[in-house]
């Protein structure tokens, strides 16, 4: 099917904390919707059957609870029956934004997904009802090609969004399409949590996801395109991800992702929006996810043994089926094993070992997690790389348990620069990276110079270790990592 996502540079309120009338709120949102309208038309002309817009694209951000109120539409939660806002504009009050979105879908005969703020009155007898008598939600809406409102999703994992309320229970939102079957949706920070994202995909066996986001890039492990791709790979799904475009805030990175190919946009230099249109295969629901199945790995195992450069690893991973740790460091390696050191990466205290020389085998451990690396590079460059491990609760900008094995390029040549944000690299490295992860939820990250993506040659489980291997990245290596989320320990 042909999909489109639009990375939108939204027109923002100059003073979001100021209280304004509904009329001026609608005027500001109308300017963003004018841009949406042009993009829907452009996408439809390119044959797109569905288009996705970003989180906060219509109203912007940094509101207070009361200052966002004039920007909120009333949208009945999806279970209340079929409604076509374009054809039935007078059914509810304060629905100007959804009417326009519905009409864009109808006029261009295209499925449309957008994000807006919504309100819902509540009774004071409801113990969760806020003092001002209403709920305010960060909401995605999905419209069919006839303008019908098919589904709503209210964001569950809010990221410092004081204007909005959390839903009492997570919404599991999806809608049917004639071209790709069931399509699920969630928003931004949701992608890092079990509820509702993982549960939605598993419970309803979804293979297509639409994903509005307003994501601030954080290297080396959580840049938008890097994690969106890893999610598509881990769950064997297609993701249509639309981010907002505000480079000064570190916000860019959208794409249309399949488990094996990506069409991405990441641009920290230029201004203005970007429409991405791509044709992608429908993944059928009988395909197993990489989390559930090692079949793809078993088929490739013979190749990975043949193609990987280090003989010691071949012997360990491919011949010995018993419980040996694959690639255990040989006696010779131990005598000269490089020093381990600590450095902060992503606000977490990682334990690192430097990656020196043209080839070698390394191991670094923290708590129960041991990470192993075999590497080889044809050309030694003047760049410091390090292998890091973290097994613990991440507590800055959200609380969640991470198990990570990461090969990263350091910011400079001293150990203290490892874990810094780096965007360019020249070293081409052949590697096999693996760890005895305690969670099945592993997101394989492979990021190359200029914030571009690469794909592993092989990955999967073997003898209770998850591994990722690559012969020669397409450009300089920034990050190769196994990012594990141990949801039960959050």
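Backbone N, Cα and C define each Cβ position, glycine as well.
Record features (TrEMBL):
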- 15-297: domain 'CN hydrolase' (DOMAIN)
- 55: active site, proton acceptor (ACT_SITE)
- 155: active site, proton donor (ACT_SITE)
- 188: active site, nucleophile (ACT_SITE)
- 318-337: region 'Disordered' (REGION)
Please list, in sequence order, the residues in the chain of residue 55 (active site, proton acceptor) that are at least six apart in sequence and whose C-beta is under 8 Å away from its C-beta.
115, 138, 155, 187, 188, 212, 213, 214, 244
Mean of pLDDT values spanning the domain 'CN hydrolase' (15-297):
95
Applying a 10 Å Cβ distance cut-off over all chains shown, what neighbour count does the residue listed as 'active site, proton donor' have?
26
Let me know how many other Cβ atoms fall within 10 Å of the Cβ of the residue listed as 'active site, nucleophile'.
26
